[in-house]
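**Q** Got these off TrEMBL a minute ago, pasting:
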type	residues	note
DOMAIN	24-221	domain 'Ammonium transporter AmtB-like'
DOMAIN	251-410	domain 'Ammonium transporter AmtB-like'
TRANSMEM	24-46	transmembrane segment
TRANSMEM	58-80	transmembrane segment
TRANSMEM	133-153	transmembrane segment
TRANSMEM	165-186	transmembrane segment
TRANSMEM	198-216	transmembrane segment
TRANSMEM	318-343	transmembrane segment
TRANSMEM	363-384	transmembrane segment
Amino acid sequence: MEMAKAYEAAPPAVPDWLNKGDNAWQMTASTLVALQSMPGLVILYGSIVKKKWAVNSAFMALYAFAAVLICWVLLCYRMAFGDKLLPFWGKGAPALGQKYLTGRAGVPASTHYHADGSIETTKSQPFYPMATLVYFQFTFAAITMILLAGSVLGRMNIKAWMAFVPLWLIFSYTVGAFSLWGGGFLYQWGVIDYSGGYVIHLSSGIAGFTAAYWVGPRLKVIGRDFLQIMSYLCWLELVCCGWDGPVSMGPSVIGAVQGMMTGLVCITPGAGVVQSWAAIVMGILSGSIPWFTMMILHKKSTLLQKVDDTLGVIHTHAVAGLLGGLLTGLLAEPALCRLILPVKNSRGAFYGGEGGIQFLKQVVAALFIIGWNLVSTTLILLAIRMVIPLRMPDEHLLIGDDAVHGEEAYALWGDGEKYDATKHGLNASMYSEQRTPSNYVNGARGVTIQL
């Protein structure tokens, strides 16, 4: 059969190992993940909070996405997927050089050996360039950081957040990524986390909850919520498609989205290694167990009540991610495991044999991720607190975006309090504009857009 012209002899720019289809799909998949963050979570955070925090919340997500990209290529990619430095950490180095990025993708520490020292699984080397792999893994690092932000919206000092993002990426995310994906000790042991139930969701949920504890709660001020349902639905279409689960006594948009998110999170560890019927079982459980922890257990737990986790990230991501990892340890199908896992005798506990050991591996990995994120997040925030307050001043919390950024997302006549420098103590020249009281006490009000 004659070979298609696309795969005939090509110039040096198209090496013989490059599969154009693989590369195109990997880039497409990377972009889809990136869209979940930009604009997906930026839209969500800007639309789900009170309107006075729309700018700040969206900016926190935007900054995290941009900062992670810079840190990722300067240092962090190779800490997560480079040569082994420690059993849980790779050797940090830039991923910027042309020679490095145009070479064939590979994860150096991914070679898996039998107990006798012989090779069981060779180094992972997909048929696309390193630049594609760096970009693909960046999108997961970025969304993890942005999910974490959901726990501290509406009160974290923006300067503290700007310091926290690179530090948490370096000292927390890269550890989990290398340990489970980059050839670290959990990868070599055979723990299953196909697309991030532990690396992304469990870590962001635990770290977010920990950060919410140290930053402190929002002000208890009575005010109107400004949830934009249509923006919320737009975010849903960008971010997820999964299994429904209720969060109230009746059906609601927010409840449906929450259920879809927990379904997406739960399947991530087992994607590719569980059968379709098992995915349905995981979907049912992911729509009910996180609902139980959020709506019932949360109200009865003194600890959970003390911590102001703004968007309930611990339930949506940590609980659902942990659930997915444990269920994968039960339901991973042996033939599917042989196709993609480095340890070829892997199987879930329901399939007998050594499946019980697999479930134990999933438990140990979860405990490692939980413990590391608790400790690392705490130490990072305590270090930042020595030089930057973690929480905004109360006078800023009363006002919101106008006090923090000097701008508002939605300017409604006669609605809310305008920042007054003489009243709230900052430079009057920065905030000289005053709002004229509206004559429209009742009835419709106009809308102004401030550019």
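From the backbone N, Cα and C atoms, a Cβ is placed for every residue, glycine too.
Not measured: the values here are computed from a predicted model.
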**Q** Which sequence positions outside the transmembrane segment (133-153), separated from its termini by at least 6 residues, show Cβ-Cβ distances below 8 Å to it?
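**A** Contacts with the transmembrane segment (133-153): 26-27, 29-31, 33-34, 36-37, 41, 45, 49, 53, 56-57, 60-61, 64-65, 68-69, 72-73, 76-77, 80-81, 95, 101, 105, 126, 161, 165, 168-169, 173, 177, 196, 199-201, 203-205, 207-209, 211-212, 215, 309-311, 313-314, 317.
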**Q** Within this structure, do the transmembrane segment (58-80) and the transmembrane segment (198-216) have 3 or more Cβ pairs under 8 angstroms, counting pairs 6 or more apart in sequence?
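**A** Stretch pair does not touch.
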**Q** What same-chain residues lie close to the transmembrane segment (318-343): Cβ under 8 Å, and 6 or more beyond its ends?
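**A** Contacts with the transmembrane segment (318-343): 110, 112, 120-121, 187-190, 192-194, 196-198, 200-202, 204-206, 208-209, 261-263, 265-270, 272-275, 278, 281-282, 285-286, 289-290, 293, 349-351, 353, 355, 358-363, 365-366.
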**Q** Which bits of the chain, at least 6 residues beyond where the transmembrane segment (363-384) starts or stops, bring a Cβ under 8 A of a Cβ in it?
**A** 160, 163-164, 167-168, 171-172, 175-176, 179-180, 186, 191, 193, 198-199, 202-203, 206-207, 210-211, 214-215, 322, 325-326, 329, 390
